[in-house]
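> Input: one structure, supplied below.
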């Protein structure tokens, strides 16, 4: 098994509390090459405050967060009282939605798990531009640019975030260090649990901006963290996507890398 000490190219990340440096592990690129995918994976180990990536340049490049933005959106909704608590039910109005799994009443956890865009668009509209902007600044979340529409700025407009910034934000959430109540951070963390194995626990969220074109591809994300014994691993993956058939790769590629590092699986 490779270790973090084996990574060879070092660059300073002065902006992050998680890591004093990030190393480049080009051996991870074989997982991207095997699927003919352009993308980046950032993996950080909490105890050593160290991060690694397959691509230093792309790790700091900003992209639309797409539905990974449901994480801060949920926290902001709770902080502002738009979401009353974790038990609140978001009623379906009976009108057709883009996905059948959205056509039902949903709790906060349910809405996050099925990535119900209409629910979070309504939350954003009720939060409003002024409060949304205030919290994104407090969270140091990406470009903090919400122009283009309060219910779509994270889906198709100006908000951007890098893989490095994603793991910084997730670490702050994990440690309850965001400018938000501990209770509300705990609610959202619980809603993000996507795998509970005997040896580890995964909190995560996917994102997908749409396929785009070959010359102007969309972006697909998987971000989160793994709790294993006394260690925590934060991760962020994004990839270019011009064909929806490639969408499962947003999870399968980082999963293979984390399996090779002995973090999940087996």
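Each residue, glycine too, has its Cβ placed from N, Cα and C.
As the structure is a computational prediction, the values presented were derived from the model and not from experiment.
Per Swiss-Prot, active site, acyl-ester intermediate is recorded for 67, and the stated evidence type is sequence analysis. For 205, 206, 207, the entry in Swiss-Prot reads substrate binding site, with the evidence type similarity to another entry. Residues annotated as N6-carboxylysine in Swiss-Prot: 70. The signal peptide feature in Swiss-Prot is assigned to 1-20; the stated evidence is similarity to another entry.
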> Determine, using Cα-Cα distances only, which of these binding-site residues is closest to residue 67 (active site, acyl-ester intermediate): 205, 206, 207.
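Checked the binding-site residues 205, 206, 207; minimum Cα distance to residue 67 (active site, acyl-ester intermediate) goes to 207.
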> How many Å lie between the Cα of residue 206 (substrate binding site) and the Cα of residue 70 (N6-carboxylysine)?
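Residue 206 (substrate binding site) and residue 70 (N6-carboxylysine) have their Cα atoms 9 Å apart.
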> Around the substrate site (205, 206, 207), what further same-chain residues have their C-beta within 8 angstroms of the site's C-beta centre?
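Apart from the listed residues, the neighbours are 66, 67, 68, 70, 115, 204, 208, 221, 222, 223.
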> Determine the Cβ neighbour count for residue 205 (substrate binding site): the number of other Cβ atoms within 10 Å of its Cβ.
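Step by step: centre on the Cβ of residue 205 (substrate binding site), count other Cβ atoms within 10 Å, giving 25.
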> Measuring CB to CB from residue 207 (substrate binding site), give everything in the same chain under 8 Å that is also at least six residues away in sequence.
64, 65, 66, 67, 68, 69, 219, 220, 221, 222, 223
> For the C-alpha pair, I'd like the distance in angstrom between residue 205 (substrate binding site) and residue 70 (N6-carboxylysine), rounded off.
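Approximately 8 Å lies between the Cα of residue 205 (substrate binding site) and that of residue 70 (N6-carboxylysine).
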> Once the DSSP letters are reduced so that anything not helix or strand counts as coil, what is residue 70 (N6-carboxylysine)?
helix
